[in-house]
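Trainee: The structure follows.
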Amino acid sequence: IGMSNQTSTTVQEFILVGFPGLQDQESKTIFFIVFLLAYLFICVGNLLIILIFTVDRSLHSPMYLLICNLAIIDVTLPTVTIPKMLALFAFDSRSISFSACFTQILLYLGLVTIESFLLMVMAYDRYIAICNPLRYPSIMTNNHVLKRIACCWVGGLCGPVIPLVLALRLPFCGPNKVVHCFCDHSAVLRLACAEIVINSYVALTIALSVLFIPLIYILFSYTRIIMSVLKIASSEGRLKAFSTCGTHLLVISIFILTAAGVYISYRIPGTSADVRIMAAVLQNVFPPLMNPIIYCLRTKEIRDSFVKTFQRHKILPGG
């Protein structure tokens, strides 16, 4: 991202404050340990899913292509912010360059957008699987899914470009302390030496679109799915159909609830900066932390593939 030379930008770097009300060493040590463990678990859990998908050809199907892609995002998204947060808590490394800060904003917003779009594609996959099971193999081919995944990535990375370009046109001429643990778009905007009303409205409009358009589609898909499942005669068939959707619904719920938590924390008057920052950090950490657990606990094929792969490499007995 190029520096905005047309403006009167004089700020060369930003200073990350972290949690303004929790600046004591004990709090910072606790945050460092908690987020380090969370990040290690995120990396191990999601990289294992990617590894299993890569080595087990029986998982090379549309649904698992989508799960593998979700795991890639769940590794990449925290990697954009958590390492810098760990340096902040452990070594008091607060400075981040102007260009690095805006790169972090672009990647963070882009990856959140990609994940939102990907969950919508996953809902479409479940909708076709249950409402049009006979046509599923011809509609949801691997090639078709890869095209949809590519659209998610292109659309997701293009989404934040408009608010980012608008932000880069603002003059940053004085205050440079970002009251956050990473370069959050709204926290950085507040440091501009100009009116930011248009920027705020554009960012809010895009954020709500990214959240609510997929959510409306997901709700529509699952309404149709539930109507189809209720028509299944056998209770065993109904249970199996609901079970295949339950995992995806759980993943969606965590993503939506954490995103809603951030939105609500900014809209409730009197909410402390620490609570708002924690809500944003949890949105960054909690879904990537939970998704591997959910998929491993609730998806038999992934559990069986784990066991087979570990037995084959003599990590577990029985191979």
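The backbone N, Cα and C atoms fix where each Cβ goes, glycine too.
Per TrEMBL, the features are:
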- 30-52: transmembrane segment (TRANSMEM)
- 45-295: domain 'G-protein coupled receptors family 1 profile' (DOMAIN)
- 64-85: transmembrane segment (TRANSMEM)
- 105-124: transmembrane segment (TRANSMEM)
- 145-168: transmembrane segment (TRANSMEM)
- 198-220: transmembrane segment (TRANSMEM)
- 241-265: transmembrane segment (TRANSMEM)
- 277-297: transmembrane segment (TRANSMEM)
Trainee: I need to check the long-range neighbours of the transmembrane segment (105-124): which residues 6 or more away from its ends have a CB within less than 8 Å of a CB in the stretch?
Mentor: 1, 63, 66, 69-70, 73-74, 76-77, 80-81, 145, 148-149, 151-153, 155-157, 159-161, 163-164, 167, 182-185, 188, 210-211, 213-214, 217-218, 221-222, 248, 251-252, 255, 259, 283-284, 287
Trainee: Across the domain 'G-protein coupled receptors family 1 profile' (45-295), what is the average pLDDT of the model, as a whole number?
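Mentor: Looking only at the domain 'G-protein coupled receptors family 1 profile' (45-295), pLDDT averages out to 86.
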